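A quick write-up on the structure given underneath.
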């Protein structure tokens, strides 16, 4: 009998706790980086009259946006021929979210590949889903970002029009996403994802990702209104600005979670509806909201999955009916 399966299990037993510690540690550092030195600003925001319901709403809205993003990623993987049950989807996506808080662009992909293998998805398919989803995330963010562009970017908004046109073409011919993925892999000197994906699944993934940006951006609008932004005039600015800032953070590959880059873009965009100091407070509150949503939500999912795994291992093996009958 080949020793490879047992060797693989031994490596898995070693790597699982290492990966868990890395993800949880990165998330803890991400939370600490938000809170460090910003306690006064956070308390000032929380102490505003009537602020708590709005801020609680921002957490719920951002959670809904995150779940839509997860559904988009799941649709991409389904289109690659590997539909996942909901439990495995939560577990893998949650780990990849926590991977954003570690320096370097590969942690999310590594977590996805490792946990995907446990669910029967080959590493190549997980990498292909990661690359395709990353392209969809950035392109759809640029599309939603056009909502903020006229007020925030002025004439510079014209540079977002190619992204809008490209997404329109991709909705018409989704298979071109694979061409874009191959081009990106060539530029990064990485192997192209050799996979076929269904057009309907890619269309669904793009629509869900657009909805994710629109819904998730609502959390920034709620925060901005608490800080005094005009509700009607600030809605499009906040939704579009959040998408633009998140895309800029995603493209800053060497910065964990896009920290700093995202806030600068947000502050520039929010000055269309808020004074500079209030725009800074809104950017900080948005970072805290997103970090809480991702760290607490993903951490809870991974903890529940680990508890469930432990219970399944501890459960007694079922006794075959034939064995019972034979023992009488």
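Note: Cβ is positioned from N, Cα and C throughout, glycine not excepted.
Feature list (source: TrEMBL):
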TRANSMEM  12-34  transmembrane segment
TRANSMEM  54-73  transmembrane segment
TRANSMEM  127-147  transmembrane segment
TRANSMEM  159-185  transmembrane segment
TRANSMEM  206-227  transmembrane segment
TRANSMEM  233-254  transmembrane segment
TRANSMEM  261-278  transmembrane segment
TRANSMEM  284-305  transmembrane segment
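Three or more CB pairs closer than 8 A are found between the transmembrane segment (261-278) and the transmembrane segment (206-227), so contact between the two stretches is assigned (pairs 6 or more residues apart). Long-range Cβ contacts of the transmembrane segment (233-254) within its own chain (Cβ-Cβ under 8 Å, at least 6 residues beyond either end) map to 103-105, 134, 137-138, 140-149, 151-152, 213-214, 216-221, 224-225, 260-263, 265-266, 269-270, 272-274, 286.
Contact count against the transmembrane segment (206-227) (Cβ pairs under 8 Å) is highest for 54-73, out of 54-73, 127-147, 284-305. Within the same chain, residues 45-46, 89-90, 93, 97, 129, 133, 136-137, 204-206, 208-209, 211-220, 222-223, 225-226, 285, 289-290, 292-294, 297 sit at least 6 positions outside the transmembrane segment (54-73) and bring their C-beta atoms closer than 8 Å to a C-beta of that stretch.
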